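Copied over from TrEMBL:
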- B:4-154: domain 'UBC core' (DOMAIN)
- B:CYS92: active site, glycyl thioester intermediate (ACT_SITE)
- B:157-199: domain 'UBA' (DOMAIN)
Amino acid sequence: MDVTATNASNYSCVYGTPSRTSHRFHRRVKCQKGLSNIFGPNSDAPIGSTKLARRMAAANEPGSSRNNNGEEKEKDEKMFECNICLDTARDAVVSMCGHLFCWPCLHQWLETRPNRQVCPVCKAAISKEKVVPLYGRGSTKQEDPRNKVPPRPPGQRSEPENNGGFPGFGFGDGGFHMSFGIGAFPFGFFTSSFNFGDARPSAAPRGTPQFGEEHFLSKVFIWVAVIFFIWLLMA
Amino acid sequence: MANIAAQRIKREFKEVIKSEEVAKCAIKVELVNDNYTELKGEIAGPPETPYEGGTFVLEIKVPETYPFNPPKVRFITKIWHPNISSVTGAICLDILKDQWAAAMTLRTVLLSLQALLAAAEPDDPQDAVVAKQFKENQDMFRQTARHWTFIYAGGPHKNSDFDLKIRRLTDMGIEDHQARVALSSYNWDLERATEQLFS
């Protein structure tokens, strides 16, 4: 018996991407811009049953057969299905391995197995802190305030780097300039007067790696200054 | 039943009945009750295995916490396999226990079970007797499994030799299935099986 060959073919079957072919007509319709306005609050109803709707749908998709386009739209919809509830993801988050979930669904999954936090799709290690929320246009309107789960983790946003110009030394809290001058040689003049363009980037927010780096650098410079002063006094 | 469980099973049910595996008659799912808490699954014995040609019926119970916890699956059709109890039909498969993932579906579970039939894991057995036979006497295991497939799952391979031995025991007043279990456990050694049954 050729065990290995059989295994290979069967496992490829098991782990292949499941093809989702369920039909959800009402959501496909919602996708078509304009139609939902006409039908107002009843846009969820399967409008395919009315002649008007069919004509509208056809008019909305010029130059291609209606059926093909419908299938494509359905495929598009499926791309945004939560991997847990299989519905269109709401309060969508993406794991670092790239899999899409509703935040309430993923949260519940992580709560169910606190000591084995793996991606429900690919079993990669995941954590609450390391998911990225997705903000689509108009997504705030769909938010359900009844959610009992903790709010989605916020997106992390860092300030863009300011390229060009003198980078300047950020002294932790920002805005604090320090200069040293010895005798008649005005170092202070150079450092305080030659900051063209005031292109100092604002201080990095607390908690980011950049903040830590800047903090460290400022300490290093203060110690260099202290050693320099001691050397001056000794000399 | 929690809403999410019922909703998901509904979707999965629709998905699985449209899948190509169903079209190829490899797997099948039926509803047992209306509230989607219990289903009946069916898998075809994979080709080039002793289970080829058989149809194996499964009991699928969907817990309220589905899909965060796995469905409870058990073989209703009697089967001779190292990872499936020949008595209760209980299955030893990691994905139905601690390796379950919420993105798995009825379809992937059934396909995994089909894969399990093709690739037994005798080092992690559910049925120790079967696993021992699998490791020590492959040929005897295959014949036994094929015989069970013929008797219980509608398989195509009749084994007259085995039937004869069973009839010997049933003539002595032993129940048919009990005789089959005893003979299967003792590599179809009629003497030892008789000894065990009457001891």
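The backbone N, Cα and C atoms fix where each Cβ goes, glycine too.
Residues 53, 78, 80, 86, 129, 133, 137, 140, 143-144, 146-151 of the same chain, all 6+ positions outside the domain 'UBA' (B:157-199), place their C-beta atoms under 8 angstroms from a C-beta of that stretch. Applying an 8 A CB threshold to same-chain residues 6+ apart, the list for B:CYS92 (active site, glycyl thioester intermediate) reads B:ASN83, B:ILE84, B:GLU121, B:ASP124, B:PRO125, B:GLN126. With DSSP classes pooled into helix, strand and coil, the tally for the domain 'UBA' (B:157-199) is 31 helix, 0 strand, 12 coil. Confidence over the domain 'UBA' (B:157-199), given as mean pLDDT on the 0 to 100 scale, stands at 94.
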